[in-house]
Amino acid sequence: MKNKSARRIALETLISVFKNKSYSNIALNHALKNSGLSSHDKNLVTQLVYGTIQHQIYLDYQIHDIFKENKKAPWMRPLLLMSVYQLFFLDRVPNHAVLDEANLLAKEYTKNNLYKVVNGVLRNVIRRGQQKPSSKNPVSYLSTVYSIPEWLVEYFVTHFGQEKAESILQSINQPPQNTIRINQKVTTKAAVCQWLDEQGINYTESEISPDSLHLSYGPINQLELFETGAITIQDDSATLAAQSLRVQPGDNVLDACASPGGKTIQIAEELTTGTVTALDIHKNKLNLIKDNATRLQVADLIETQQLDARLVSQELGTQIYDKILVDAPCSGLGLLRRKPEVKYTKAFSDVQKLSQIQLAILNGVCESLKPNGRLVYSTCTITDEENEQVVQAFLAQHPEFSLEKVYLKADNEAIRSGDFVRIFPDTYRTDGFFIASLVKSEGEQ
Ligand SMILES: C[S@@+](CC[C@H](N)C(=O)[O-])C[C@H]1O[C@@H](n2cnc3c(N)ncnc32)[C@H](O)[C@@H]1O
């Protein structure tokens with residue numbers, strides 16, 4: 001069978017994200033896995049998929065007056081948006097090539113004349129050039145220019161000020177970095193750097209985590225080092241949560257919201273005689289932890305269990321863990337570069353609902369921590385409601401806990417906010433992230 005072209009794979013992925021509400025990163029991994037594409041073409045697919053979703057509101061604006069969506073042809077809008085993305089955001093693709101490719105793809109999807117609609121719309125877009133939205137209403141202007149829903153623009157401006165908000169908006173439409181974390185149990189940073197040099201893969205050091213590197217190469221999961229478990233894919237901001245637990249080799253650690261296991265594995269890498277118990281509310285997600293732990297050679301240090309973390313002390317008992325990590329379910333607004341579709345599906349009501357669940361999870365696990373134990377709370381979002389406010393509400397209900405300054409392997413004032421770590425996605429082009437570190441007093445129970 002003839003292999004599909006890069007643009008056909010990108011289009012299929014976009015259709016799946018738009019129509020089936022699939023996560024872009026999962027849909028993309030799935031599409032690329034057995035595609036037979038070269039790494040150059042895989043990079044192109046990745047760029048087309050992320051770029052189109054990232055700029056969706058802006059791209060829709062470019063065709064809103066000349067295209068009416070056809071429910072019977074759900075491939076048309078994604079194809080148009082992907083083509084307009086190439087016209088206005090990718091310098092290296094000439095207009096006629098975008099037009100020819102779009103015609104070919106349209107003919108693969110339809111036997112009738114619908115391809116002419118695609119052709120007509122794109123010719124129109126090319127002829128009139130980029131349409132500037134009106135700046136009369138600043139919120140709606142920023143929303144269209146940066147493809148961010150209006151409520152989120154308003155939230156950013158209100159909470160972080162105009163300048164910071166614009167800097168965040170600008171940065172989250174950049175492609176995400178290709179970041180790896182080195183598995184210290186299997187290899188060393190020097191050995192990984194030497195291997196990358198031999199392969200001609202460029203890399204730079206992370207500014208915030210000594211265990212992380214940013215690679216010039218996209219499909220990291222195709223690298224031999226990935227297959228052997230020497231490296232894993234993890235944003236450098238996300239590595240800081242497990243680092244801040246300061247795990248000792250014999251610790252019993254609870255990872256209360258663990259799947260897919262990025263931080264569980266990081267914790268296990270620090271253990272010799274201890275164990276990490278990894279919970280997730282969804283049973284089917286436990287396999288992801290097991291698969292990742294096997295690849296990274298730490299499966300024997302991890303126990304997985306399906307459990308709602310709100311029921312931990314009730315179900316697992318009190319005072320049993322030396323350290324607990326609550327890497328809570330959250331709105332994911334720090335991950336917009338990696339999961340750009342999240343910005344279109346979340347509303348402020350989600351932020352409020354999630355903050356209640358987050359507090360309930362902290363309440364559910366806290367009795368299971370030993371006196372003097374450490375409880376780290378983290379999220380990959382940047383809303384106060386899910387971060388500082390959850391921690392303050394928890395502390396108000398639990399005088400036996402106190403805040404400590406988050407431990408960082410490589411200290412960096414730019415990501416600290418008082419005792420917390422609070423990383424904005426524009427500071428180092430990492431994911432947005434939040435960490436609080438809490439200690440339980442000795443006198444408790
Ligand atoms: C932010 S993700 C965790 C990411 C993970 N710590 C890692 O580093 O790979 C949050 C996880 O919490 C799980 N979850 C949501 N509600 C939960 C609950 N009440 N109890 C336990 N797990 C929950 C979700 O299924 C999801 O896998």
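Each Cβ is built from the backbone N, Cα and C atoms, and glycine gets one as well.
No curator has checked TrEMBL annotations; they are predicted automatically.
These figures come from a predicted structure and were not determined experimentally.
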In TrEMBL, the S-adenosyl-L-methionine site includes ASP280, ASP327. Which of ASP291, ASP308 does it also list there?
ASP308
In the three-state scheme derived from DSSP, which category covers ASP280 (S-adenosyl-L-methionine binding site)?
strand
Just how many other Cβ atoms lie inside 10 Å of the Cβ on ASP280 (S-adenosyl-L-methionine binding site)?
25
Which one is closest to CYS380 (active site, nucleophile) in space, judged by CA to CA distance, out of the binding-site residues ASP280, ASP308, ASP327?
ASP327
